[in-house]
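Asks: Quick one: the structure is below, and I'll ask about it shortly.
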Amino acid sequence: MTISATEALTRCIEHREIFHDEMLHLMRMLMRGEMSPQIASALLMGLRVKKETVGEITAAAQVMREFATPVVTPNPQDLLDMCGTGGDGSHTFNISTTAMFVAAAVGVPIAKHGNRSASSSSGSADVLEALGANLQLSPQAVAECIEATGIGFMFAPAHHGAMKNVAAVRKELGVRTIFNILGPLTNPAGAANQLMGVFHPDLVGIQVRVLERLGSRHVLVVHGKDGMDEASLGAATLVGELKNGVVREYEIHPEDYGLSMMSNRSIKVSNREQSRELVIEALDNVEGAARDIVALNAGLAIYAGNKADSIESALALAFEMIANGAARAKLEEFCAYTRKFAK
């Protein structure tokens, strides 16, 4: 079933949903550059004002996955992605990027999908380069990296070439659109497990249900009640969990796991070098907020990656991997392996 962009815009104005097949058609038009900039921007803003539904986001994510350049691995059902929507305005260091080395040290195979900074002081790609990683890898090289080190990093622009067809519209609009929440839903390696941070509490329930429809295995979607798109030490964290086909929503508190409530002030950064310093500090087991927030998020990743039966036991593993140096060693191993592909 198809629908014209003008008809879709009318639906948005009337606050009516665009159905799945219709959204597939519209999204393919956007990805192929078959929509004028004026209509494309009107449709994106219409969806935003109406508020995108689970069905609309699911269809859009399916199309982005169709158009993506894939990373092919033997067991995508075991892979874990760790990323966030960004846009939380907290300017903290790269917590989930640091936490992936901890989770990988436990044996969770990581296929991280990331980009340069959009709203933060340092995107995942920025800090990984500052740490010495080479990110100019082919899809085959990323797959080899996952096999050899347990970590692969997929630089989003290298895998989503069709996004060039909406880049100018997005830049000119300068506000959030559906594309800001699609990135974490479009892992090129098809990772079936995920720890995703979101910038708004409403997205916790939405994104976990989108991933349910997309066929994910074990997912945690988190939002710190202090506004962070990570599990926070400064407030309770909202969690949407998909496990064994069942969605649950609940809150977790740092004190539940023996962690102290801490302000985010000490983990704010203004550039990638400051972020790099905090990554190293956390992985070197320096006591403080950087280490503890990394351990908390790594614990959630280990649990989502099915290497522990509970968040409590996963958090204990995270602290162990930091204390015994395994997480720092994993960082060095990953960076060294990526440099083998440098031209």
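Backbone N, Cα and C define each Cβ position, glycine as well.
Here Swiss-Prot flags G84, N115 as anthranilate 1 binding site. Summarising the annotation, Swiss-Prot assigns 5-phospho-alpha-D-ribose 1-diphosphate binding site to G84, 87-88, T92, 94-97, 112-120, S124 and lists sequence analysis as the type of evidence. Per Swiss-Prot, Mg(2+) 1 binding site is recorded for S96, E230. Marked as anthranilate 2 binding site by Swiss-Prot on the basis of sequence analysis: R170. According to Swiss-Prot, the Mg(2+) 2 binding site annotation covers D229, E230, on the basis of sequence analysis.
Tell me what's around each of these sites.
Replies: Mapped onto three states, the DSSP output places G84 (anthranilate 1 binding site) in strand. With a cut-off of 8 Å between CB atoms and residues at least 6 apart in sequence, the same chain places S96, P184, M196, G197, V198, F199, D229, E230 near G84 (anthranilate 1 binding site), listed in sequence order.
Under the DSSP three-state reduction, S96 (5-phospho-alpha-D-ribose 1-diphosphate binding site) is assigned to helix.
Under the three-state DSSP scheme, R170 (anthranilate 2 binding site) falls in the helix class.
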Asks: Sequence gap of 6 or more, Cβ distance under 8 Å: name the residues on the same chain that satisfy this around R116 (5-phospho-alpha-D-ribose 1-diphosphate binding site), in order along the sequence.
Replies: G123, A125, D126
Asks: Whole-number answer please: how many Å between the C-alpha atoms of T92 (5-phospho-alpha-D-ribose 1-diphosphate binding site) and R170 (anthranilate 2 binding site)?
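Replies: Here the two Cα atoms lie 25 Å apart.
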Asks: Within 10 Å of each Cβ, count the other Cβ atoms, then let me know which of the binding-site residues T92, S96, N115 comes out lowest.
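Replies: Counting other Cβ atoms within 10 Å of each of the binding-site residues T92, S96, N115, the minimum falls on N115.
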